[in-house]
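Worksheet for the structure shown next.
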Amino acid sequence: MGPRYRSWLWFWSCLLSLSVLTQALELEELFEFGEEAGDQQLQPGSDSTAELPLNGSLYFFSNTFDKVYINTNGFVSTVEPEAEEEYLGKMPSNFKMISALLGDLEDSDGQGRVHYRWDSSPEILNKSAEHIRRAFPRDEGVDPITVFIVTWENMAARGTSGRGDRLDTKRNTFQLVVAMMDLSSCAILLYPQGGWFWKTSLGTYFRTTTNEETSIRELTEKTNAGQKGVWVYEIGSSPFFVAITGGVTTEEDEATELSSTVLPRQTQVEEITPANEYQPIYPETETLTPEYGGLDYEPEYPESETPTNTDVERAEPRYPEPSEPRYPEPSEPRYPEPSEPRYPEPSEPRYPEPSEPRYPEPSEPRYPVSEPLQPRYSVPEPVDPRYAPVDPRYPEPVQPLPPYHRPQQPQIVVVDEDEDLNVNVFAYNSETCAHNRNKCSAFADCRDYSQGYCCHCRPGYYGNGKDCVAEGKPQRMNGKVIGRVFVGNSATPIELSNNDLHSYVVANDGRAYVAISNIPAGIGPSLQPLSSLGGVIGWAFALEQPGYQNGFSLIGGVFFRQAEVIFHPGNERLNIRQQFKGIDEHDHLVVSTELDGRLPAIPLGSSVQISPYKEVYQYDRNLITSSSNRDYTITSSEGDVQTRSYQWRQTITFQSCLHDEASRAAMSTQQLSVDQIFVMFDPDNNLIRYAMSNKIGSVHSSLPEQNPCFTGRHGCDINAMCRPGEGLQFTCDCASGFTGDGRYCQDTDECRESPQICGANAVCSNQPGTFRCECFTGFVFANDGRTCIEENRPVDHCQRGTHDCDAPERASCSYTGGSAFICSCLPGLVGDGRVCRDVDECQQDRCHQNAFCSNTQGSYSCQCHPGFHGDGFQCSPISTEREKTVCERHRESAQSSSSSSSGSGIFSFFRPRPSVGQYVPQCDRHGAYEATQCHSSIGQCWCVDADGQEIPNTRTGPGNTALCIDQAVSPTPVGPTPRPDVQPVAPGTHLLFAQSGKIERVPLDGNSIKMEEAKPMLHIPDRVVIAMSFDCVEKMVYWTDITGPAISKARLSGGDIIPVVTTDLQSPEGLAVDHVSRLLFWTDSMRDTVEVSKLDGSQRRVLFDTDLINPRPIAVNPAYGRLYWADWNRDGPKIEMSNMDGTDRTVLVSDDLGLPNALTFDIEQQELCWADAGTHKVECMDPHQRLRRQIVEGIQYPFAMVSLGKNLYYTDWRREAVVSVDRYAEKETEEFLPQKRSRLYGITTTPTQCPQAYNYCANNGGCSHLCLPRLGGFTCRCPDAASAGPCEERNL
């Protein structure tokens, strides 16, 4: 038996030993493809080509490529391919290609498509890694960086479409996935079962199968990767990482039965293709290549030496002689002799030591023959095991193995479906990256271990993998402080309720700053010794000494801290509990703090100095403990000095990754050194401030590090990382997302430098050190995490018109989420919404008895009978002499009384006025009271309402005429009238609502929200927009943000953001525009004020700063010069009212209120409405008559509200939605869920026309500065700040 025959016998025995039971690949098991996956489509045709730039390097043999070309004919090439007639039937081609199924294909009939994309989403990377691991089961560290996916869907052989010979109905769907890793690339070919065809007249080519169509079908029935129809090959590697090893075969025909591509020795031509053109083999072919793939190269054949890779300049693969077997014989040793090192000497080899071999001993048979089912995968081991450099920031799994064994080409597994094997071939752990990658930080990689997965921050970032931040970047912490603390011997605790805590740390020098707001003066001085209350951020981001790590590097940003403080000599005790919740969307560490206990009293005006201290941290799994004694000195305002101390004990609990053994090897103790401590209580602003410098290092005394990177005295930019060098040398590197020389770093505006970085249908928002992509409304991210595609949401039957509601003129369809909807009959109709019938209101006696009733579809009209006049609801007989009105009768009575000099009469109750004998009311031509009434004999005028009653505070002196609103009722109409509760909304009206850092707009169609047309109006990164208001005159949107804090504006049509108020603000949470008097009103819940200014922010004046606790929503009534606001003080919530000039302040509502967050005023209906997050109700009130009514109850957590037409619209924090309420039907009618789900804040409308009202302050009312309206007039007021020119205050 010759060596060649023995080689084939050995090869077949291997194949038989690899036979396992597995299932065929189904179509739905392909990698996701199509538009919803973010794919692009190739232009239809029979020879179309498209270029695909790659997001990584493609290793193809010993070359690398950064782009590929997709072709209709079933292949991908590394250069733009020639015309198909140059290579079809003339293989091998003159260009490099990877072919999935080469042939003359077409997709021009509308049924076939070619999809392609590159993808780096976690799900796709994990799926490709699983296929590779199945094919190379002994490999470790299969970590694709990116893949490109090409799917040929429903492809037909060219010329068969529409022929009617049944061949036109046969179509192929297949897929090529190329996974690109750090040092190599793998091709995954997928052939789902069903529908396979081929015809043999496509020309001559080197084959992987036979000439028969059945051999093509067998592509779906065989495998080398554990599942029928799946084939995996390693197609290239880094020159320093030799991967591709050619095989050897004979020239005998039986070699074709192995489904192996047979190739001639060609130079500079590299291909991987199944034999899709099936003519005889070229006789000179001698090289066996991996199954179902062709590799063209010119290998080097060594004379006799052992293959090595010590010559860096000569990195091409080296192959054995053709006469040698493809794999070493079982008796051949696997490792070189010690005297012949195979690699340059590595300091830390990645493969096992010789004392622990993972390969069979030379005397053991490598491939068992007598037990073909064990092992399940007998794969040849590599001749040259490789290794990769170890990144010290990435701890390796236990017993690291060579990531890819060479030449480990996976073998064909012939599947016998009748074989009854009760064996679980593959078992997977659900705790893998495939199911949990989204739990890692966006700046981390997920890594699988034997018992689960762990997250590891990428280079340039640090943390625990769940939370990662950029090295050198300053960090911020935000949170709230609550608690009950006794001070001194006081028996009454001081309550802290959601006090804001803000902290900032310069990471490259360890300096931390902390501030807590709204601290009462009774406790503020006594909190000064507790610098660690917020100084935990100092430990978390302390300056690291060589070999040591700060808290965030070790445990990230999610942990629980509990501390006990015992003060001496009084033995007071304070407990501190802090829950750290990780990094939020603004890259801020979030913390909630609770205090409970007693503090020793420190008098107001005293200063505190804290001595530097050291604190030893003991580390254990999921637990950190520390304790220290701290001295502090109190200096009173009189100069008296006391020295005190306290003992500090704390525990920090957290959840570490259990599966990464390397993370368990962290040092057991570290020492935090804190100095340069500064504390201060600011009674004027009720702020307590702390500052300190923090270093983390060894507990053992040693010479301090002198390198500036470890002392913090380096001069690097605050957005830079200090890199230590030899001695005192160092360099400064800007943090990720910043550019510069390290001494000065500026933010990189990725959005401006790469406008298409977020792709189509998305907007890019620049952030300090990074950027954020947000899809437009109606679009969501595809699996690659970047491409925005139309939201594949459940079917909105209302929008598509596929609902079963009654006709639009009788019913409305309301989408309620998922694929659900509600049918509702329109007003005036009854039924279940699917069948609606008209209500005949005329049968209900809606009209006057002397009127005709005309029923219409959904409504009705009334018209008085001939001989009667009125609106149909009220009809009166027509007489030749019109009945006199109240004013006319009043005037007649006054005139008769005046002539008799009598001061008595039935109308003498109109007081205060001159006697009836001297005053005669003025009536208009309709008999109504003139709005302005004057008495010439005394030279006074005043305003009256529609009943002739004098409006208080409107009387003017001689020479002046009151500016009054006409309260008269217009003449009663005659003829049909519309229903009084139907008020159409003008076309072009939008809702605007705030969602953290952006303002969105959604159009209204009548009273319905056109949800599908919602889109962003304005992006304001790093801002939290709270309140909004709209100026209908200049079409300008105004808003407040609490991060500035500031009040700003921008045009509805777009443009720059214009600052309005930027100083002396703390938390502006309510905003209202008076479009008539051109004024701006707002509330500040931290300053506890209600303020006013001109629309440009000038002439600012505080109207109220007393008896306010938490003022938030504010609304205006320009027609009456009224102002309304709500205070959600939990101990006494209320809604108040005043004139716009600050006079006549009164409590409008105080009963049955909880948290009145939202407030709006309807100018047309003169109705004030509010939503209460405490009582969970929406209510309305007529503020003139104090008539209060409930609209709906059972709402969740409203934040802001606006009225328009018959509807109220409010934002809800819990539902994360805009909710529409019909206040006449007293029910919710719609819910709009924005595409990005998060809390919604302010809301307003953009009416196309302004509500009409009399302008008391026309031409500024003649005032020198502020003209502020009030009921029946206005007041001239001066701003709080001194301004140019004299200011005169007066009432008019």
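The backbone N, Cα and C atoms fix where each Cβ goes, glycine too.
Feature annotation from TrEMBL assigns compositional bias 'Basic and acidic residues' to 311-364. According to TrEMBL, the disulfide bond annotation covers CYS934-CYS941. Residues annotated as domain 'NIDO' in TrEMBL: 100-238. TrEMBL lists 429-469, 705-746, 747-789, 794-837, 838-874 with the feature domain 'EGF-like'. Among the features that TrEMBL reports, domain 'Nidogen G2 beta-barrel' is placed at 473-706. Look at TrEMBL and you will find 884-964 tagged as domain 'Thyroglobulin type-1'. Summarising the annotation, TrEMBL assigns region 'Disordered' to 268-382. TrEMBL lists 1035-1077, 1078-1120, 1121-1165 with the feature repeat 'LDL-receptor class B'. The signal peptide annotation in TrEMBL covers 1-24.
It is CYS934, among the disulfide-bonded residues CYS934, CYS941, whose Cβ has the fewest other Cβ atoms within 10 Å in the structure shown. Long-range Cβ contacts of the domain 'EGF-like' (705-746) within its own chain (Cβ-Cβ under 8 Å, at least 6 residues beyond either end) map to 460-461, 470-474, 506, 508-511, 543-546, 693, 695, 697, 767-771. Within the model, the repeat 'LDL-receptor class B' (1121-1165) carries an average pLDDT of 92. DSSP places the residues of the domain 'EGF-like' (429-469) in helix, strand and coil in these numbers: 7 helix, 15 strand, 19 coil. With DSSP classes pooled into helix, strand and coil, the tally for the repeat 'LDL-receptor class B' (1121-1165) is 0 helix, 23 strand, 22 coil. Residue counts for the domain 'EGF-like' (705-746) by DSSP state, with H, G and I taken as helix and E and B as strand, are 4 helix, 15 strand, 23 coil.
Residues of the repeat 'LDL-receptor class B' (1078-1120) grouped by DSSP class, helix first, strand second and coil last, total 0 helix, 23 strand, 20 coil. DSSP assignment over the domain 'EGF-like' (794-837) gives 4 helix, 18 strand, 22 coil.
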